[in-house]
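Quick look at what TrEMBL annotates:
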{"type": "TRANSMEM", "residues": "6-28", "note": "transmembrane segment"}
{"type": "TRANSMEM", "residues": "49-66", "note": "transmembrane segment"}
{"type": "TRANSMEM", "residues": "78-95", "note": "transmembrane segment"}
{"type": "TRANSMEM", "residues": "107-125", "note": "transmembrane segment"}
{"type": "TRANSMEM", "residues": "131-150", "note": "transmembrane segment"}
{"type": "BINDING", "residues": "ASN157, ASP217", "note": "Mg(2+) binding site"}
{"type": "TRANSMEM", "residues": "162-182", "note": "transmembrane segment"}
{"type": "TRANSMEM", "residues": "188-206", "note": "transmembrane segment"}
{"type": "TRANSMEM", "residues": "218-237", "note": "transmembrane segment"}
{"type": "TRANSMEM", "residues": "243-263", "note": "transmembrane segment"}
{"type": "TRANSMEM", "residues": "293-313", "note": "transmembrane segment"}
{"type": "TRANSMEM", "residues": "319-340", "note": "transmembrane segment"}
Amino acid sequence: MSSAALLQHLTFALGLALLSAAAVRAMIAWPILDHPNGRSAHVRPTPRGGGVGAVLAFIAGMLVLYQVANSARIAERQFIGVILAAIAIAGVALVDDIRSLSARLRFGAQLAAALVAVTSGLTISRLAIPYVGPVELGFAGTLITVFWILGCTNAVNFMDGLDGLVGGVLLIACAALTAISALQGGGFVYAAALFLTAGFAGFLPFNLHPARIFMGDVGSQFAGFMLAVLAVAASRFDPNQLSFLIVPLLIFGLLFDAGFTLLRRGAMGDKVGAPHRTHLYQMAQRAGMGTRAVAATHWGFAAFHAALALVFLRLPPNWKPLIVLPALAVQLAWLAVVALRVRRAGLSWRG
């Protein structure tokens, strides 16, 4: 990429960030209020729905991309399918922010969006096993893709409960994905990640502690869905589709907390779908760690994962899946730190 093209892209991204910030300001001026309850980390009514800024920035970027950059587009059926699915999931989530929808309706919207993505042709078609090689997945690839999209969408959504945490992680992860996809020549992934980076750059200053506005489901579900889709699109960077691992690696801290909490609650006999405040980040904050410190810790995780993703690009194929091990080691260390704090504070892992 030439320096002139890079400057054009960054200038356009700045415009999208300003659009996002303007939309966030509008959501603050005409707020959808989030009233605190027993599970909240805030103590006074605070506007939510700030993720509208990132959604609008992304849509605006994609509309321009569709008109002027054929080389950066995937097949038109996939392109239109992904955009329509993203708009639909954001729209339903915004309605949920305004008036709470049933869990069944929310899940139905997520499933429909995932099915639109896979029927448009975005699926994981093979799985590379170290020292064995690529294994063609067939229809199982479609099921795995749907499961991944649903899991990622909900993991990001579940983790959005502390000022600046998810917004900062998403900004770092999307910026890293922008750089990586530029290096790999992934035009669509590069453009989409750049637009997401701009959108969250416009949102994050308003979400830092004490937050003036929350992301809301409209932002977190949209971001989780788009990152899941971009992971599948990024898998085309190499013939073995190992590049699928890049996005899960970039947001590994969010995925680990959400996954561990789900498994722990199931093992303890809790209703896994019931509201709670026992994610690791919530327990750390309840045990006395400051909101800014918890968010900054997750930003540090994201920066570390971005560095690992760059290392991933240089590894031989058989070693690439092992890049998750240092990320897992850090998360297990974080789990130990939080567990120690929880024990010292005399807190329960239930509720």
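Glycine is no exception: its Cβ is also placed from the backbone N, Cα and C atoms.
Within its own chain, the transmembrane segment (78-95) has Cβ neighbours under 8 Å at 49, 51-52, 55, 58-59, 62, 66, 101, 105-106, 109-110, 112-114, 116-117, 119-122, 153, 188, 216-222, 225-226, 229, counting only residues six or more beyond its boundaries. The largest share of C-beta pairs under 8 angstroms with the transmembrane segment (293-313) comes from 243-263, of the ranges 49-66, 107-125, 243-263, 319-340. In the structure as shown, the Cβ atom of ASP217 (Mg(2+) binding site) sits within 10 Å of 24 other Cβ atoms.
When each of the listed stretches 162-182, 188-206, 243-263 is scored by C-beta pairs under 8 angstroms to the transmembrane segment (49-66), 188-206 comes out highest. Only residues 6 or more beyond the boundaries of the transmembrane segment (162-182), in the same chain, are considered here, and those with a CB under 8 A from a CB of the stretch are 1, 41-42, 156, 189-190, 193-194, 196-197, 200-201, 203-204, 207-211, 215, 220, 223, 227, 230, 234, 237, 246-247, 250-251, 253-254, 281-282, 285, 291-292, 294-295, 298-299, 301-303, 305-306, 309-310, 313. Pairs of Cβ atoms less than 8 Å apart link the transmembrane segment (107-125) most often to 218-237, out of 6-28, 218-237, 243-263, 319-340. Same-chain residues lying 6+ beyond the ends of the transmembrane segment (243-263) with a Cβ under 8 Å from its Cβ atoms: 124, 151-152, 154-156, 158-159, 166, 169-170, 172-173, 176-177, 180, 184, 227-228, 230-232, 234-237, 272, 278-281, 298, 301-302, 305-306, 308-309, 312, 320-321, 323-324, 327-328, 331, 334-335. Sequence-distant contacts of the transmembrane segment (218-237) (same chain, at least 6 residues past either end, Cβ-Cβ under 8 Å): 49-55, 58, 74, 82, 85-86, 89-90, 93-94, 96-97, 110, 113-114, 117, 122-124, 145, 148-149, 151-157, 159-160, 166, 170, 173-174, 177, 181, 184-186, 188-189, 192-193, 196, 200, 203, 243-244, 246-248, 251. Within the same chain, residues 128, 130, 242, 245, 249, 252-253, 256-257, 260, 280, 283-284, 287, 297, 301, 304-305, 308-309, 311-312 sit at least 6 positions outside the transmembrane segment (319-340) and bring their C-beta atoms closer than 8 Å to a C-beta of that stretch.
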